[in-house]
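All remarks here apply to the structure that follows.
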């Protein structure tokens, strides 16, 4: 075993040569060289682990695909020993003795310069012994928290002492490090530099790299996490004008990258080229750039959407879940003439948009023009909007279109098919999640990776982790679950209101929801703003305003209210909600008790013994119904016509037959 110096024997080599496939010896050697080129630096894992992480598309070359290369490697590696002999271990051991500090052990070298402590750690090491003596009962973690807080509260003048010492030692460290590299060049591993062009950075990454040095000079003690968080906040507050500078720079670098990649692929034809280079801009950044370049803003798809867009400008204080409901109610109260006026304005805006878009397209280079046209085509397909030459834009709305427009659409910019489907059935609000479900959703990816995409094992492990988790760790998720429950209640109310609006109201109840059952308590408002709006709309104080102006005026008045006045309305809503829940529970109990009593009475009545034939006819001996009305054999035998929803069972059918006041409205089926 120890005598074999070669990994592949002569017989194995001849076997590779004599294979009937298209792989020559040169191809096999090229394959092995390409595999070697993609091996990670300092590879110390088992070969199976490294092999499982391979991207075989980077290994493929010539006419051989990634899958073909993988299969060939498995065939070749099956002929090679996967354990090492003592001879091979001795070679590595001798290399270690010659260079014991190479690689990750470089920092253990006696001449390696010591890295300076940060300003915070200097303060910590200086004060730790003192605080540990004062508070011997405290753990290291508690001491660290206290000293961290003390350092943050330290005046800048006292902090400067630690910062100055850190900067002085940092300069010395850099000098000593340069000297160490000169004295021990054999220990410094130079990374292999690839000639592959560097991928372009996003505008935020470019700005981050530019601002990072300045921020570090002003705050040398800041950690990497705090640095990223601070710069992220600054980027989110950056003005559009300053952001455009970095957007333009990122686009220039992306163009240079694409040119470099084309040249690289010409020089390396065997390297696979990606079909699509990902854009460095987000959707919002792309829209900002287009707007700056003169791209016109797309108008609303119809008159109702235009009305909502204009009305919502003055409804910023209104909760988002109520805006569309209020817009829809106002739209329903408008005359057809007013609706037609908004539709005509919308058509004019569409025509002007087509003209402006054509002018914008003519000013763009060919590549950008293709991108904008594809976006317009995709957007038009989604919105159901025709192109410039469509005859529907120039025509005035027909009677059918006006009647469709009269039905309030409670969303803007949704396809016609989606609207038709939504008219048939309103989408139910998403069921609220529990705290455990929310936590599981956030860590699902980590657990799936840990258990190799085995969902069952991952689920069991997550449930066990949640049970063993401390309560203080669960509190954030419990709060999120409570917020989700509140969201569900608001959306449920909005959904019910939406269904009511889609049902044509009668003249008597055009603006008020009619209870579904007798005695059902009326639902109170769900927010302080809604109660305030109802109060102003019902007392007639705003009757001299137009419909549109009323909502604007309500928004202004709500905005002028003090926080204490708003809290007063909010408190009233909460009280009414509590009363409503109590009344609803009492009402449901009464209904349940009444239903239970009726069922018991009917079951105990001798007239309950009724036979329902297969053809839907009921027959039985002469008896007396609960109401005292005689029900004979002839009078009881008839084809019952009742909805299936009313008759979930044969016994329910018997109850209907025994009720003389029931009016059949459907058909009974066996």
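Glycine residues also receive a Cβ, built from the backbone N, Cα and C atoms like all the rest.
Listed in TrEMBL for this protein:
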- 1-23: region 'Disordered' (REGION)
- 113-181: DNA-binding region (DNA_BIND)
- 113-181: domain 'HMG box' (DOMAIN)
- 163-190: coiled coil (COILED)
- 197-265: DNA-binding region (DNA_BIND)
- 197-265: domain 'HMG box' (DOMAIN)
- 297-361: DNA-binding region (DNA_BIND)
- 297-361: domain 'HMG box' (DOMAIN)
- 385-435: region 'Disordered' (REGION)
- 398-407: compositional bias 'Basic and acidic residues' (COMPBIAS)
- 429-496: DNA-binding region (DNA_BIND)
- 429-496: domain 'HMG box' (DOMAIN)
- 506-525: region 'Disordered' (REGION)
- 522-588: DNA-binding region (DNA_BIND)
- 522-588: domain 'HMG box' (DOMAIN)
- 559-590: coiled coil (COILED)
- 594-631: region 'Disordered' (REGION)
Note: vs the domain 'HMG box' (297-361), the recorded stretch with the largest number of Cβ pairs under 8 Å from 113-181, 197-265, 429-496, 522-588 is 522-588
When pLDDT is averaged across the DNA-binding region (297-361), the result is 86
Taking DSSP helix as H, G and I and strand as E and B, the domain 'HMG box' (522-588) has 51 helix, 0 strand, 16 coil
Per DSSP, the DNA-binding region (429-496) contains 56 helix, 0 strand, 12 coil
